[in-house]
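**Q** Structure incoming, see below.
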Amino acid sequence: RCAGRVEVFYKNQWGTVCDDHWDLEDASVVCRQLGCGTALSAPGAGHFRAGSGPIWLDDVNCTGTEAALSYCRMKGWGKNNCHHGEDAGVACSGNASNEGQGDFHGALLSPSVDSSSRPMAFHASPAELRLVNGLNRCSGRVEVMHDHQWGTICDDDWDFLDATVVCRQLGCG
């Protein structure tokens, strides 16, 4: 099901949306932008667990007809009076089955939209990763758990930003 904490990508960083004034019209825009059908609910108060990092949006006020969340009225990027216990969420009528957006294995989904208003893929809770054959726990070949089996990641277009995400997820700086 398309449901989870709403996160947006801005200035090369994921952040959350505050639930101040968050309602069904706002959730409708997110669900539509992600191709997930109609909004069933717009839970707040960190219903899908508190996020981390910046809180990018606050006082979001959509009419429900906008093509993307970034077109809705808001306080301004990064301007908020919130804490992560107020992270906004959505529950949509559809499933996370958009072509080319991956297999999510029933993980808690965090719908996400970016500041350029293009639909983004759903991002599951962090995949289970490990580093093998390295000198310590923070070095080695990256492997990911998929369908209860460890596998490698292709290095095509792999770069420093990808490695930074892995390091952060593994608590390695």
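Including glycine, each Cβ sits where the backbone N, Cα and C put it.
Straight from TrEMBL, here's the annotation block:
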- 1-93: domain 'SRCR' (DOMAIN)
- C18-C82: disulfide bond (DISULFID)
- C31-C92: disulfide bond (DISULFID)
- C62-C72: disulfide bond (DISULFID)
- 129-173: domain 'SRCR' (DOMAIN)
**Q** Can you count the other CB atoms that lie within 10 A of the CB of C72 (disulfide bond)?
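**A** Other Cβ atoms within 10 Å of C72 (disulfide bond): 19.
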**Q** By DSSP, what is the split of the domain 'SRCR' (129-173) into helix, strand and coil residues?
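**A** The domain 'SRCR' (129-173) comes out at 10 helix, 14 strand, 21 coil.
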**Q** Including all protein chains shown, what's the count of other C-beta atoms within 10 A of the C-beta of C31 (disulfide bond)?
**A** 24
**Q** Tell me the Cα distance separating C31 (disulfide bond) from C82 (disulfide bond), rounded to the nearest angstrom.
**A** 23
